[in-house]
């Protein structure tokens, strides 16, 4: 089976069209071999069974892509320095100095790049290929090739690198667990890690442990890396752009229209570097408030190590982005008081790089807004510095000052605690809905943090949801196209909430029915949050409507499971009776729930086991409206017995207490619902009858 999730015809076609690259990985010397040609050669070698050749070509493809970017950055920096753009002069010839400098810079770039890269057209990869590299698909091929070559450490790192950008890929996760079983506890390396993001995460970890000196070291290094990456991102935006609204032969732009078209795309790209740098691999949405958070952590960390000058400097840097933040305003005032008599607080300014970035960002925003009005295109400014909810709901964010008379004034850190296995566990809270029936608690299910409920949804809702599922599900959806991700004896089909709403909005399924999926998942979330008596908000991490169907002719003498025994936020090691809470596990998941839609199938029981993955502690037969929920850690290993006849459907829900890991599609679905509600209100106010399905 192909390592990726789509047809590889385009890549293989590219291999056929590039005979010079096939069967080899480029000649020594000469211009840099295009990464798309090397990739095509690697894929061709893989499917031809030449795994050594595949690994060699894929490694060179990845290296070529990195070298291409590095060479373009080097040349663009060099030509920026050598050829300064001239100001416009007065009179009819006033534009000539500017355009003359522009032409000289273009010539500089060509003469700089051509010796190493060759003609620019050699490196214009197809969108599909660029997307593969963005999604790290070459690493999926690489890990398979390494397995065949018995290079298990390299295979594990390639699999881990792919998984970091594809966290829902269950097959790769299983592969990594197999590597751990085979080679013991291995140290996995993300070969495409963003250094500034790694340093930020390390800084936050040390901060959480109150190791403030180490936190400062990593967070300061993260800032250095961030600003360096921002400069690189700005420069890379100066490359070719696509004119999607004018991709037809008749388009003939005038001089200024063509310049404006291109520059607006460059400017929008540069403006969005802030989002790019704040986005983790494989995610669409950035970490909210990412850059300001560095200064927020640092202002308190510096206070705790006694460096009040740096604390005030970082507090004022943070206030550039959020000048009305009362907590940090109080902190800054407190730091000023600590410095009285030693340093004049007025001499301590926000950091220059933060001021410069914010000034540039505001100017970019202004130009984009002006251009949108003048050139007639739509532009909506994202909230790049958005803070999610109240400060106390954010993860590990420094807060305000409190006075404690017995010790004198000092800072009080208010932060949402990171969920730990030894936190106080509660259950038995209200179920919130009168029709929901309690069945079993943790003790009755022979475990910890478990509950079984019935009547969460009605028979009619089950039928309606099943009808929606039939209209929107695709084989392999949610499993990167793998139709049988856990067992070859069953077919898996799935869909997300956002997909359901999209289909409903397009009229492909009744919108009322599509919204039911959204509403019942929210109902389940509220029940779980209430029953387990959580003192902070429970967020969606992933929501998936999934049906698994027994394949006819493949059910005799089955001894496999529909879904192998696993834990949801750690890597289960049955032999060691351990569950390793580390990547690539979904370590941010805290609670899970399965809401069942039907019972007309054979097999498919949900089971809890001991950590040995063998001793069954509870078995649950699905039926319409039944929901099992549990904490996601190693205390609750679970799986699904083989479905031997019929189709088993359920809504699978995973939740997190960390808002940084909220489900991206859920946020988008919330926006769709808000938009639909607003449209509905608008129609009501105009006394217009909405469509039936609304």
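Every residue gets a Cβ built from N, Cα and C, even glycine.
The signal peptide annotation in Swiss-Prot covers 1-23.
Residues or ranges marked as repeat 'TPR 1' in Swiss-Prot: 35-68.
Taken from Swiss-Prot, the feature repeat 'TPR 3' covers 196-229. Same-chain residues lying 6+ beyond the ends of the repeat 'TPR 3' (196-229) with a Cβ under 8 Å from its Cβ atoms: 190, 277, 280, 290-291, 294, 297-298, 301-302, 304-305, 353, 357, 396, 418.
Here Swiss-Prot flags 292-325 as repeat 'TPR 4'. Outside the repeat 'TPR 4' (292-325), and at least 6 residues removed from its termini, the chain residues within Cβ reach (under 8 Å) are 200, 203-204, 207, 210, 212-213, 215-216, 219-220, 222-223, 226, 331-332, 335-336, 338-339, 343, 345, 348-351, 354-355, 358, 385, 387, 396-398, 411, 413.
According to Swiss-Prot, the feature region 'Disordered' maps to 395-427.
Swiss-Prot lists 446 (among others) with the feature N-linked glycosylation site, giving sequence analysis as the kind of evidence. In the three-state DSSP scheme, residue 446 (N-linked glycosylation site) falls into the coil class. Residues near residue 446 (N-linked glycosylation site) in space but far in sequence (CB under 8 A, at least 6 apart, same chain), listed by position: 608, 617, 618.
For residue 535 (N-linked glycosylation site), applying a Cβ distance below 8 Å and a minimum sequence separation of six or more within one chain yields no residues. The N-linked glycosylation site annotation in Swiss-Prot covers 535 (among others).
Within the model, the domain 'Fe2OG dioxygenase' (543-657) shows a mean pLDDT value of 89, rounded to a whole number. The domain 'Fe2OG dioxygenase' annotation in Swiss-Prot covers 543-657 and rests on sequence analysis.
For 648, the entry in Swiss-Prot reads active site. Listed in sequence order, 547, 548, 549, 562, 596, 598, 601, 603, 604, 622 are the same-chain residues six or more apart from residue 648 (active site) with CB atoms under 8 A from its CB.
Marked as motif 'Prevents secretion from ER' by Swiss-Prot: 691-694.
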Secondary structure tally of the repeat 'TPR 1' (35-68) (DSSP, helix then strand then coil): 31 helix, 0 strand, 3 coil
